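Engineer: Below are the features listed in Swiss-Prot for this protein:
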TOPO_DOM  1-96  topological domain 'Extracellular'
CARBOHYD  34  N-linked glycosylation site
TRANSMEM  97-117  transmembrane segment
TOPO_DOM  118-132  topological domain 'Cytoplasmic'
TRANSMEM  133-153  transmembrane segment
TOPO_DOM  154-159  topological domain 'Extracellular'
TRANSMEM  160-180  transmembrane segment
TOPO_DOM  181-203  topological domain 'Cytoplasmic'
TRANSMEM  204-224  transmembrane segment
TOPO_DOM  225-239  topological domain 'Extracellular'
TRANSMEM  240-260  transmembrane segment
TOPO_DOM  261-329  topological domain 'Cytoplasmic'
TRANSMEM  330-350  transmembrane segment
TOPO_DOM  351-406  topological domain 'Extracellular'
MOD_RES   371  phosphoserine
TRANSMEM  407-427  transmembrane segment
TOPO_DOM  428-446  topological domain 'Cytoplasmic'
TRANSMEM  447-467  transmembrane segment
TOPO_DOM  468-473  topological domain 'Extracellular'
């Protein structure tokens, strides 16, 4: 009897799966806006695919992946001279699986990006596809994923590696835009509360977080100089750390310059501290991809070198373990990759709940839309509840969309490529197993992204001085 009731309970969700997001999540968040709920669902789909990609890297999945016809051919080859390769499969199948899943996700979101180009309101028939028909969209996505596993090897992995590296670099810049937006909104919110009442409390809170971020950045710089450089080597690392430290100091000084404060009073050191810490992370992440292991210690050797002086006997020499290559299933995630995924999740969730009406960065990128009126939609939602109708998420896009559907899907497409590169540690498909690490192009992509990030942040500060005809208040 319980099973029958369960079937009918699941069947009740079928109409919602074929309709809009307002129905799909109406019982969970009945007072939410349709634009927010839709983005959260897409974000959940992307996060779920990330989990699936990670599971595919586990050793337990290797047996099942080997059974796929032709899947053990081409890309991420293991040479006999490097390791006793499995005679049935000499390929890092875990990495190949991640490439296939990310390919399916990227294609799915790229097609939707093209399909949703120039959608202005929810009255557009294409908006119904964007906000609804979840059953068919999920089924199509699963179909693309399954089909991608049967793509012939050949040059697929090598070509997709280049595409993934470019897409991941672009998404790093998008993360910076979101972080700048978040920092501006955070600072503006707390400054407003400080002006409204209890200024000492909010001033202390701003000062505490700003100081904490700068202290963490200084500690990071010290650790990078100590463990990622050598007196007689690692010249590139010394250059990367030094130039980014100088650029962060310059950006912080610009943020509190009187001319900047005059045209943009909301700018301050809180935003600069967030960007500085993110830049230091990008610097560490870039150096963690260097091929030279002597200038790129892994996390375990990093910790050992810190604790060795206290753990080793006085008359002995502490032995630092040599880094070990990833397992053949490709299941190892480096520490910087975990942090990268954590930052990715935060930015993805923020991009799903933010609105264009309170975005500082949208004004700089000409992508904001402040003309959307929410009063009518809120009133209609309340009247539905009074009439006894089922409460659903409010359609707040009848007069104009709250965000660009096309750009949102393009961001998710780039995010899929970023996940692919992160889960595979930016490894090149043609790298030998005994030196399984990223090549210099991946290092330069990340470090260049950190420079562009800083330049982009400085632009958000000086834009009011340059574009005097625009309103940045």
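Backbone N, Cα and C atoms are what each Cβ position is placed from, and that goes for glycine too.
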Engineer: Counting only pairs at least 6 apart in sequence, do the transmembrane segment (160-180) and the transmembrane segment (240-260) share 3+ Cβ pairs under 8 Å?
Structural biologist: no
Engineer: For the topological domain 'Extracellular' (154-159), what does DSSP give as the number of helix, strand and coil residues?
Structural biologist: 4 helix, 0 strand, 2 coil
Engineer: Relative to the transmembrane segment (204-224), which of 97-117, 133-153, 240-260, 447-467 accounts for the most Cβ pairs at distances under 8 Å?
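Structural biologist: Most contacts with the transmembrane segment (204-224): 240-260.
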Engineer: Over the topological domain 'Extracellular' (1-96), what is the model's average pLDDT?
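Structural biologist: Per the prediction, mean pLDDT sits at 63 for the topological domain 'Extracellular' (1-96).
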Engineer: Please determine whether the transmembrane segment (407-427) and the transmembrane segment (97-117) are in contact (criterion: at least three Cβ-Cβ distances under 8 Å, sequence separation 6 or more).
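Structural biologist: Stretch pair touches.
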Engineer: Near the Cβ of the residue listed as 'N-linked glycosylation site', how many other Cβ atoms are there if near means within 10 Å?
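Structural biologist: Neighbour count, Cβ to Cβ under the 10 Å cut-off: 24.
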Engineer: For the topological domain 'Extracellular' (225-239), jot down how many residues DSSP puts in helix, in strand and in coil.
Structural biologist: 8 helix, 2 strand, 5 coil
